[in-house]
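Taken straight from TrEMBL:
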{"type": "DOMAIN", "residues": "B:20-446", "note": "domain 'DUF112'"}
{"type": "TRANSMEM", "residues": "B:20-51", "note": "transmembrane segment"}
{"type": "TRANSMEM", "residues": "B:63-83", "note": "transmembrane segment"}
{"type": "TRANSMEM", "residues": "B:116-140", "note": "transmembrane segment"}
{"type": "TRANSMEM", "residues": "B:177-195", "note": "transmembrane segment"}
{"type": "TRANSMEM", "residues": "B:207-225", "note": "transmembrane segment"}
{"type": "TRANSMEM", "residues": "B:266-288", "note": "transmembrane segment"}
{"type": "TRANSMEM", "residues": "B:326-350", "note": "transmembrane segment"}
{"type": "TRANSMEM", "residues": "B:362-385", "note": "transmembrane segment"}
{"type": "TRANSMEM", "residues": "B:397-415", "note": "transmembrane segment"}
{"type": "TRANSMEM", "residues": "B:421-450", "note": "transmembrane segment"}
{"type": "TRANSMEM", "residues": "B:471-495", "note": "transmembrane segment"}
Amino acid sequence: MVKSFDKISGIVFLVISLLFISGSLQISGSAYGSAVGPKTYPLILGVVLGLLSLRLIYESFKKNAQTQHAEKSQMNYKNFGIILVSAILYIFLLEIIGFVISTFLFLLVAFQVMEKGKFISSIIIAAVFSIGVYMMYVNLLGGTLPKFSLF
Amino acid sequence: MGTVQYLMDGFATALQWHNILFALVGVIIGTAVGVLPGIGPMSGVALLIPVTATITSGMPTEAAAASSIILLAGVYYGAMYGGSTTSILLNTPGESSSVVTALDGYQMAQQGRAGAALSISAIGSFVAGIISLIGLVLLAKPLSSIALEFGPAEYFSLMLLGLCAVSGLAGKSVTKALIMTVLGLMLGTIGIDAVSGIARFTYDIPVLYGGIEFLTIAVGLFAIGEVFKTILEREADDEPIAKISRIMPTKQDLKDSAKPIARGSLLGFFIGVLPGAGATLASFFSYITEKKVSKKPDSFGKGNIAGVAGPESANNAASGGAMIPLLTLGIPGSGTTAILMGALIMYNVQPGPLLFNDHPDIAWGLIASMFIGNLVLLILNMPLVKIFAKIIQTPKKYLLPIIIAISFFGVYAVQYSTFDLYLLIACGVFGYLFTKNDYPVAPLVLALVLGPMIENNMRRALTISNGEWSVFVTSPLSLIFLIIAIAWIVVPLILKLLGRNVVINEEE
């Protein structure tokens, strides 16, 4: 897994470096009295990353020829997927349905995904956390968090 | 004013009631963070920056910066201590710096001496904390006055040295570590260029004009990445926890560990001062040293108290020592200090030689508060060991989602934008992928913090020299820094080629 990841990431880094170099060449060059303009430093970085990613690709192919350990471990992709999606939904809904409700829903879903059961204590902990944080932050510290509003 | 006077003023700052409270809260949270599986010092500190930022939001900037850095530093060394609790009781080190503690600590726990092991590590941490603080007090003034002589060229080379040192020791592959460093530097260039005011890599997206917020990246890569890892690779059953019976160590225990503590503290301090070599190396070297010095090297790994006392002192001393380059030179030597530096910069306080002149109450207040914090840590931990051991049992079911929610709240409260939250999630995924495939993420965060400063110093130096690049090698100090920087990368490579085992510094 590590080796194939290295190959892919090496190529991705190479592409990033090329994009970065071309991007930095498009930055307008005037230096306003200083000897070096705003594009020199990013240009150097782009070139260095390019060289390093070539080295990484070389290393990953070289090691590939030697040995390859395929380690399979039990991965919890399903749980991770659900939590990731619900986290994204949480962000999306945060400014629409407000902090308290979205946080409560996210926590409830995540608690149940982690381990089914104990529904009541999940509800209580999620509610205490979301309402508690909101009250403390908004009422005590005078901050603002998105409120529930349909408009 | 002499150092003593400054230190007294520092105590005056640190002893204000709210700062005592901050130090107290910091070390308690820190210990809890260290004890909790899955979050280490680095993610703990990153996670708490937004929280402290909100708590201190009503205060004047200077005082707010002092208070929050006091709290965050408390979290840092509290977590360093807390990590040992899990190694001793569960044989699962909370962070890599307490891996060696588990060797003898867990054995001691098996023999019913868990209490002694825990209290010795508390005492060792305390002594080490005080020794490294004395070192910090003595070195702070002279080092920062030397650093005041530095020009932009010297600074540029010194920062490069810092980056190379951290990358050279950061992981299994130097190439990967360097790639992460360069990625961090690249992320640092996004936004409006500070010198010319030209937008770079913003692609007309408004949120990018302000640049990529370091906080989002740090919390995402460390805290969220760690949570994702635990969700994905969750182990079904937790090991039973060793029982703690007697807390106080016996006289014999104290006698046996006095010298290891002293040796560990000194060793750890000097290793901590070096950039790149952090607490992990310090504890590792201390263990080796103790084994060499000991009359009964065979007893190591079977519950020898020296094997707990030495490494535990060393890793705490190293975290104190790591504050020296951060405060005096403005160069963080490790991931956690990079995050602390980012926190200071958020408050518009620039760590470095000028810190002691411009913001003496922050610098000396922090130092003084670390004395208080270490004392609090000792007083709290001896009687509360059992309670902290309970924290280990916090069900992950509740812990992990709440960590995500706290990170979201924290980042949103500081940034007020959902863009940063999406970025946070993306960083979490990348953080997991990177760490899993041996790409160290600490250099990336360090580079992101140092990046803008490196560029500014480079351009300033080149402006002074009329565009002559040779300025970096004609100044003797700058040349020395560059040579050391190259050596730091090249020497481990040569050693590897020669077939030697190179000790690497894992994330801490």
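In case you wondered, yes, glycine gets a Cβ from its N, Cα and C as well.
Remember, predicted model here, so these are calculated numbers, not experimental data.
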Between the transmembrane segment (B:116-140) and the stretches B:177-195, B:326-350, B:421-450, B:471-495, the largest tally of CB pairs under 8 Å belongs to B:326-350
Residues outside the transmembrane segment (B:177-195) whose C-beta sits under 8 Å from one of its C-beta atoms, at least 6 past its ends, are 163, 166-168, 170-171, 201-202, 208-212, 217, 434, 439-441, 443-452, 454-456, 459, 489
Taken over the domain 'DUF112' (B:20-446), the model's mean pLDDT | 83
Could you tell me what the rest of the chain brings near the transmembrane segment (B:362-385), counting residues at least six beyond its ends with Cβ under 8 Å?
-> 6-7, 9-11, 13-15, 19-20, 22-24, 26-28, 31, 62, 65-66, 69-70, 73-74, 77-78, 81, 85, 115, 118-119, 122-123, 125-126, 129-130, 133, 136-137, 140, 244, 247-248, 320, 323, 327, 344, 349, 355-356
Any residues 6+ beyond the ends of the transmembrane segment (B:207-225) with a Cβ under 8 Å from its own?
-> 39-40, 42-43, 46-47, 49-50, 187-188, 190-192, 199, 201, 335, 339, 342, 345-346, 403-404, 407, 410-411, 414-415, 417, 419-420, 423-432, 434-435, 441, 444-445, 448-449
